[in-house]
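Q: Structure incoming, see below.
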Amino acid sequence: MSSYENHQALDGLTLGKSTDYRDNYDASLLQGVPRSLNRDPLGLTADNLPFHGADIWTLYELSWLNSRGLPQVAVGHVELDYTSVNLIESKSFKLYLNSFNQTRFDTWETVRQTLERDLRACAQGNVSVRLHRLDELEGQPVAHFHGTCIDDQDISIDNYQFTTDYLQHAVSGEKQVEETLVSHLLKSNCLITHQPDWGSIQIQYRGRKIDREKLLRYLVSFRHHNEFHEQCVERIFNDILRFCQPETLSVYARYTRRGGLDINPWRSNADFVPATGRLARQ
């Protein structure tokens with residue numbers, strides 16, 4: 001259980017509550033969650049963040065009407081900057097997108113600008129939006145995370161409660177290494193509903209070698225942990241930086257979609273460019 005799970009800032013969210021679905025445009029459906037909720041317990045403030053990054057969203061269920069009433073469909077790509085005051089709560093995002101369904105817009109650019117404006121207002125930060133026609137995406141192969149997968153280890157695990165203990169004394173040797181490690185076993189739970197969130201994670205670092213067994217045990221310990229996707233990624237980045245002290249670190253997770261949306265946060269203190277192709281489970 002997260003220390004802020006019952007924080008009053010979460011009381012007004014539609015997440016976990018019965019809601020009506022509206023199909024006419026309504027920007028008020030969007031709801032933000034202060035990033036400070038999980039950053040404060042980690043000792044992170046807006047002026048001392050040890051990373052840069054973004055939350056990358058893919059919008060698979062995006063439709064509206066053109067000026068003549070003909071339905072349009074697109075796949076949206078949204079990038080929400082890490083410096084925004086709020087993250088976007090995903091159920092409210094879904095409800096907001098549904099409100100486009102029976103609304104007429106003159107052009108695709110009007111839709112893009114509307115999304116960008118509303119998301120910026122909710123997040124209180126910088127947001128970029130791209131819309132893709134389906135033929136732009138057809139035939140694209142399923143992507144994969146570059147790196148060494150650490151999942152196929154012959155180990156026994158019986159603890160699924162979150163702990164940073166595994167990262168203590170998790171580095172060895174004085175030699176600096178540079179490697180990229182991947183796991184598809186990341187599973188956490190929604191902060192509010194406790195529904196499972198499934199993800200793959202890529203950890204790229206330069207520093208003393210990190211013990212792969214201990215790192216995997218740490219990642220598996222998220223299995224009963226309740227936090228939003230973005231919060232988990234920041235926690236993982238902060239914990240590895242704190243206990244393993246790499247010179248450079250990048251953490252990137254791609255989660256399976258829910259409600260027509262997938263969320264793919266990344267945080268880095270290096271020159272990191274995230275690959276945005278969907279993975280096998282997305």
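Sequential numbering from 1, following the chain as shown.
Keep in mind that glycine also has a Cβ here, set from the backbone N, Cα and C atoms.
When I checked Swiss-Prot for this same protein, it listed these features:
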BINDING   I88, E89, S90, H229, E230  substrate binding site
BINDING   S90, K91, R258, G259  NADPH binding site
ACT_SITE  C190  active site, thioimide intermediate
ACT_SITE  D197  active site, proton donor
Q: Check the Cα distances from R258 (NADPH binding site) to each of the recorded positions I88, S90, C190, D197, H229, E230 and keep only the ones within 10 Å.
A: S90, D197
Q: Compute all pairwise C-alpha distances among S90, K91, R258, G259, the residues listed as binding NADPH, and give the largest one in whole angstrom.
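A: Largest pairwise Cα separation, rounded: 9 Å.
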Q: Using Cβ-Cβ distances, find the residues under 8 Å from the residue listed as 'active site, proton donor' that belong to the same chain and are at least 6 apart in sequence, listing them in sequence order.
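A: The list for the residue listed as 'active site, proton donor' reads K187, S188, N189, C190, H229, C232, Y255, T256, R258, given in order along the sequence.
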Q: Under DSSP, is E230 (substrate binding site) helix, strand or coil?
A: helix
Q: Mind giving me a neighbour count for E230 (substrate binding site)? Other Cβ atoms within 10 Å of its Cβ, every protein chain shown.
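A: Excluding its own Cβ, the number within 10 Å is 25.
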Q: List the Cα distance (Å, whole number) between K91 (NADPH binding site) and E230 (substrate binding site).
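A: Here the two Cα atoms lie 15 Å apart.
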Q: At the level of the C-alpha atoms, what whole-angstrom distance separates E89 (substrate binding site) and G259 (NADPH binding site)?
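A: Just about 12 Å between their Cα atoms.
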Q: Counting only residues 6+ away in sequence within the same chain, which have a CB under 8 Å from the CB of I88 (substrate binding site)?
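A: Listed in sequence order: L30, Q31, G32, V33, D55, W57, L80, L119, C122, A123.
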